[in-house]
Amino acid sequence: MIIRSPEPEVKILVDRDPIKTSFEEWARPGHFSRTIAKGPDTTTWIWNLHADAHDFDSHTSDLEEISRKVFSAHFGQLSIIFLWLSGMYFHGARFSNYEAWLSDPTHIGPSAQVVWPIVGQEILNGDVGGGFRGIQITSGFFQMWRASGITNELQLYCTAIGALVFAALMLFAGWFHYHKAAPKLAWFQDVESMLNHHLAGLLGLGSLSWAGHQVHVSLPINQFLNAGVDPKEIPLPHEFILNRDLLAQLYPSFAEGATPFFTLNWSKYAEFLTFRGGLDPVTGGLWLTDIAHHHLAIAILFLIAGHMYRTNWGIGHGLKDILEAHKGPFTGQGHKGLYEILTTSWHAQLSLNLAMLGSLTIVVAHHMYSMPPYPYLATDYGTQLSLFTHHMWIGGFLIVGAAAHAAIFMVRDYDPTTRYNDLLDRVLRHRDAIISHLNWACIFLGFHSFGLYIHNDTMSALGRPQDMFSDTAIQLQPVFAQWIQNTHALAPSATAPGATTSTSLTWGGGDLVAVGGKVALLPIPLGTADFLVHHIHAFTIHVTVLILLKGVLFARSSRLIPDKANLGFRFPCDGPGRGGTCQVSAWDHVFLGLFWMYNSISVVIFHFSWKMQSDVWGSISDQGVLTHITGGNFAQSSITINGWLRDFLWAQASQVIQSYGSSLSAYGLFFLGAHFVWAFSLMFLFSGRGYWQELIESIVWAHNKLKVAPATQPRALSIVQGRAVGVTHYLLGGIATTWAFFLARIIAVG
């Protein structure tokens, strides 16, 4: 008789076939809501349909079902992303001058779109050099493809097809994990396992495989390209992977294989895993060998991090323990209870993630120009400006989204009965002190930062330049910023002896790097003008935070409306008979926060655009004479409001205003059209609901007279709907206007 130990029970973490796949149900508009599914009585129905289609909280209160819907929707989102990527690569393969650009990136502009001559708009196809006519693109894809070692259009086709396959796979996964094998709630809440897999898998193995690709494919191919070898002569990627001798010709240590790794003689690999700092003078980008080294190091860190959390083996950290041990001398229960919040409220979790990702995106914006990662990126001024602007906008939206979901969490998921004296409770209990102090800071910053400009405008108008705040009169030098710049510029000889150059040329010290007579990067001087505009940045950011934080901290209750939580996330007013309680919902704070986010980002991208054109971007002659695009006028012009209007907005708008009849004319039309979209938003923001209801009723009367009245009764937009439409057009109109202004300018002069 054989005695066996009892088999360990495996936890079943999925439900099989929980929900049947029904096209009939999907075809019924509003199938997720009993009220909406009845069909339209009034035109408000279509608005409610859109507002609630993805508000899974309103479909059901079952957390497991909500989690499954979100999980499934994420696969749908990934599918769309793969489809978009595939389109980008397909355009590169089918409609672009990528191969020509690769052979001469300094004189040929990147283009991946050719306009068909339907009604004479082939004027939009400008000459980008090399005999190619098309629209100049500023997405940075060409530079990224070169960095990853793509040398011909066939490779782009293959990648595009691969992305389509992945898009289909994701679409299937979204259906499968909702209808066939849907994870149980416990699976979504198993944070340690999730951390291990995401850290070690996505970030660790992801970085490791990218480092491997760079070492075995990108580095050798880029070395050939930098040496001027014709792309058609360069061996194909698989040849480098399969034939070690090929690599050994470029990097002799490859002949030794993995021996130096196992014998800890790692310095052998210093040929292709470097620690140089600074920029490659041939391409004006970071050294690709530095980037490979970086990804290898990151991979090691995340592979270790992915083994830190306690799962089936009883060793490692437990998130709950970490959070509950986190107590300070003044924070009561500290983070106790936070674990429960973050595993039962996806809004709280999402809020945290959006705040982090938004901040990270803005960090990316600042690194893309100061440490340009791809070859020939730094000298493509249109792409530099686009990447900075794009990442700033995205970061701003994500941070506002963080506040939005924090407020939704407060209204829908926060349970005050179980929370006592933990960190969140303590913050809520002294919210008045927080908000009033923050308000004071905003007033101080606003008056002082704007006051400095007003002083300068006044002195300038009175003809008293000696009494202005400027580098040549009363100096307000940003001494702390300059100190940070100097510390970093001196780091290679002092605090980072292993590096040969500082991390970024912008810190100072180093010489400028120019590629093909164009400036890639140089030390950026900071002066009084930067000091002034930086305080405007501080002001706009603090006001944005004030609005958003007030929305979160007063989402459930306030002195004005103690029972706000019962009214929900968005509501127009606290019922009839209570004047002065309109526009106080958490949603309204997000609405107002969006406008200030727009203010903040606009000042940042204007500052960046002008500063770079004035002090960094430009050309260098054979004699070594440096000429900047706007000739260094930032320091003296941007210190007055009038200077911003005259020498930045007006002077630089000439290209977009005069673009008609040229290949940039689309930007002129967008500039006009986006101004209209923006102005259209004011109609929604400045007029009341009753005005439109009256107008509609008189129009309906006319229709009834002619017996053409519709069955669905027309209604004016609700207050919240009107404001939503208003802010959407305001932001889209403003962003598209800025886009047209920036690109027409920089493509014409850059």
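Backbone N, Cα and C atoms are what each Cβ position is placed from, and that goes for glycine too.
For Cys573 ([4Fe-4S] cluster binding site), applying a Cβ distance below 8 Å and a minimum sequence separation of six or more within one chain yields Thr581, Cys582, Gln583, Ile719. According to Swiss-Prot, the feature [4Fe-4S] cluster binding site maps to Cys573, Cys582, an assignment based on sequence analysis.
For His675, the entry in Swiss-Prot reads chlorophyll a' binding site, with the evidence type sequence analysis. In sequence order, Gly733, Thr737 are the residues of the chain that are 6 or more apart from His675 (chlorophyll a' binding site) and have a CB within less than 8 Å of its CB.
There are 10 other Cβ atoms within 10 Å of the Cβ belonging to Tyr691 (chlorophyll a binding site). Positions annotated as chlorophyll a binding site by Swiss-Prot: Met683, Tyr691.
Annotated phylloquinone binding site per Swiss-Prot: Trp692, in sequence order, evidence recorded as sequence analysis. Other Cβ atoms within 10 Å of the Cβ of Trp692 (phylloquinone binding site), summed over all protein chains shown, number 17.
A Cβ distance under 8 Å defines the sequence-distant neighbours of the transmembrane segment (70-93), meaning residues of its chain 6+ beyond its ends; these are 54, 56, 112-113, 139, 141-142, 145, 153-154, 156-157, 159-161, 163-164, 166-168, 170-171, 173-175, 177-178, 183, 188, 346. Per Swiss-Prot, transmembrane segment is recorded for 70-93 (among others), and the stated evidence type is sequence analysis.
Positions annotated as transmembrane segment by Swiss-Prot, on the basis of sequence analysis: 156-179 (among others).
Residues or ranges marked as transmembrane segment in Swiss-Prot (evidence: sequence analysis): 195-219 (among others). Here the transmembrane segment (195-219) has Cβ contacts under 8 Å with residues 147-149, 237, 240-241, 247, 250-251, 272-273, 288-289, 291-292, 295-296, 298-299, 301-303, 305-309, 311, 319 of the same chain, all six or more residues outside its ends.
Residues annotated as transmembrane segment in Swiss-Prot: 291-309 (among others).
Look at Swiss-Prot and you will find 346-369 (among others) tagged as transmembrane segment, backed by sequence analysis.
What Swiss-Prot records for 385-411 (among others) is transmembrane segment, and it gives sequence analysis as the kind of evidence.
The feature transmembrane segment is assigned by Swiss-Prot to 433-455 (among others), with sequence analysis given as support. Long-range contacts of the transmembrane segment (433-455) within the same chain, counting only residues at least 6 positions beyond its ends with a Cβ under 8 Å from a Cβ of the stretch, are 427, 468-469, 476, 532, 535-536, 538-539, 542-543, 545-546, 549-550, 553-554, 639-641.
Listed by sequence, the residues of this chain that lie at least six past the ends of the transmembrane segment (531-549) yet keep a Cβ under 8 A from its Cβ atoms are 399-400, 403, 434-435, 438-439, 441-442, 445-446, 448-450, 452-453, 456, 469, 476-478, 481, 589-590, 592-593, 596-597, 599-600, 603-604, 607, 638-639. Marked as transmembrane segment by Swiss-Prot: 531-549 (among others).
Sequence annotations record features per position, and here Swiss-Prot assigns transmembrane segment to 589-610 (among others).
For 664-686 (among others), the entry in Swiss-Prot reads transmembrane segment, with the evidence type sequence analysis.
Per Swiss-Prot, transmembrane segment is recorded for 724-744 (among others).
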Folded-back contacts onto the transmembrane segment (156-179), same chain, C-beta under 8 angstroms, at least six residues removed
17-21, 68-69, 71-76, 78-80, 82-83, 85-87, 89-90, 92-94, 98, 145, 150
What residues elsewhere in the chain lie close to the transmembrane segment (589-610), defined as a C-beta under 8 angstroms and at least 6 residues from its ends?
369, 385, 388-389, 392-393, 396-397, 399-400, 403-404, 407, 533, 536-537, 540-541, 543-544, 547-548, 550-552, 630, 634, 638, 644, 648, 652, 723-724, 727, 730-731, 734, 738, 742, 746
Pairwise CA distance, Trp692 (phylloquinone binding site) versus Met683 (chlorophyll a binding site), rounded so that it is a whole Å:
11
C-beta crowding around Cys582 ([4Fe-4S] cluster binding site), within 10 angstroms
13
Same chain only, please: residues at least 6 beyond the ends of the transmembrane segment (385-411) with a C-beta under 8 Å from a C-beta of the stretch. Say none if there are none.
138-140, 341, 345, 347-348, 350-355, 357-362, 364-366, 368-369, 544, 548-549, 551-552, 555-556, 565, 568-569, 586-587, 589-590, 593-594, 597-598, 600-601, 604-605, 608-609, 612, 735, 738-739, 742-743, 746, 750
